[in-house]
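Student: Let me give you the structure first, and then I'll get to my questions.
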Number of protein chains: 2
Amino acid sequence: MRRLKAIVQYDGTHFNGYQIQDEGRTVQQQIDRALRKIHKDDSIISVASGRTDTGVHALGQVIHFDTPLTIPDERWCIAMNTLLPNDVRIISVEEVASDFHARYDATGKTYLYKWERTPIQSPFHRNYAVHIGYHYPDVDKMRQAAKHFVGTHDFTSFCSTKTATTNRVRTIRKLSIEEFGDELHMTIEGDGFLYNMVRTIAGMLLAVGRGQYDPDSIIEILAAKNRKKAAETAPSQGLYLVEVHYDE
Amino acid sequence: MRRLKAIVQYDGTHFNGYQIQDEGRTVQQQIDRALRKIHKDDSIISVASGRTDTGVHALGQVIHFDTPLTIPDERWCIAMNTLLPNDVRIISVEEVASDFHARYDATGKTYLYKWERTPIQSPFHRNYAVHIGYHYPDVDKMRQAAKHFVGTHDFTSFCSTKTATTNRVRTIRKLSIEEFGDELHMTIEGDGFLYNMVRTIAGMLLAVGRGQYDPDSIIEILAAKNRKKAAETAPSQGLYLVEVHYDE
């Protein structure tokens, strides 16, 4: 058996999230179906770095799976992409050590959140960015607030109340707000993220930019460890899993 | 009654084309439904510059309609966009002369055709550009061939055999092929286009770029007035109606 690591891109619009569920079309379902066809009906279960929600996109999701086949690495992309629907693409496949684990070995992740600042949202962006409309936020204030998230904090105030994990301490390594023409991007890198954590931070930063909260209020809201103190969770269609980090 | 002219953008992916049909979701159906709501169930029928096929997009479709309402022009966009699904957007509305006609007054149209030249197509572009894949075409040859289309010709070889119009003489004013990073764009402006004409020209230029036809073969194919002499029609998802031209 060989263990393969693959980088996966997907448009999350028409998926009920990443992970296989009882009902609905999921990314993992499509990938495992393609793997099963390649393995002539032997069931191969892929393992991802983590799940993503309905509507969330990926530019660099990472999975691993084991295979007895001796297909050369460069043929794997073509074989899988031929069998996958075109809203999921395998970008690269490489053999890794037999103990590599897409989830447990991840040392961090980078996410991108996209807003569109135009009077009327382009119909071509509706599933790929969140429209801010006429009320452009104050980007300087968003950047001031962003600084308070960087570092190691308990993120109870910035994750879903449905979060099962009890240890909510995470480290944000980088958090930047950048303008690209009509788009406003939040890029966040951390050692790990709780359920809805990136979207809650995005929602909070936008609320600060719109003057609903003071940039320095982040300090108190983190300390409160109470989800109700923070702003609304931002919608899923603006969120992209950009990269999963591993030690070399 | 006032006559209003509106510019409309739409993502054609989930529409069965522009024009109202017995079955299927169409752009006109959505627009006329929004107009009916604004007019408290009075039926208002909009008239477009022309129809577009299933999957074809618009950046600047033009429509006109008559209204007894005295809503200011700038409120019309908001009123209509509030009622429209987010894959159709009204970009602007202005009052025009009562004899303005979106279709009959059009003096020309500009279309864009987009190809993506990447080893693996981005899942985010699958509905918005046609993937060329590993076989990159020779852009210089495409440009040589493009020159032969410019001017006034009988386009019988470059329209659907289902074309009802008997006068197939049209004038192409401009035809350019440009590279933008991984994208290859064909922009074409003419006084009018026959059914499938832009997509057949796009398909022909790509076939020339791939060496399946000589650039100068366009001369003979135009002269043959026979659809079978030309290459395959290019797929609909690469096509955008960019602008409808009117005399000032």
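Cβ atoms here come from the backbone N, Cα and C positions, even for glycine.
Pulled the feature table from TrEMBL, pasting it below:
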| type | residues | note |
| --- | --- | --- |
| ACT_SITE | A:Asp53 | active site, nucleophile |
| BINDING | A:Tyr111 | substrate binding site |
| DOMAIN | A:6-105 | domain 'Pseudouridine synthase I TruA alpha/beta' |
| DOMAIN | A:145-247 | domain 'Pseudouridine synthase I TruA alpha/beta' |
Student: Using C-alpha atoms only, work out the spacing between the residue listed as 'active site, nucleophile' and A:Tyr111 (substrate binding site) and round it to an integer in Å.
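Tutor: Counting only the Cα atoms, the answer is 13 Å.
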Student: CB neighbours of A:Tyr111 (substrate binding site) within 10 A?
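Tutor: Other Cβ atoms within 10 Å of A:Tyr111 (substrate binding site): 24.
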Student: Give the helix, strand or coil assignment DSSP yields for A:Asp53 (active site, nucleophile).
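Tutor: In three-state terms, A:Asp53 (active site, nucleophile) counts as coil.
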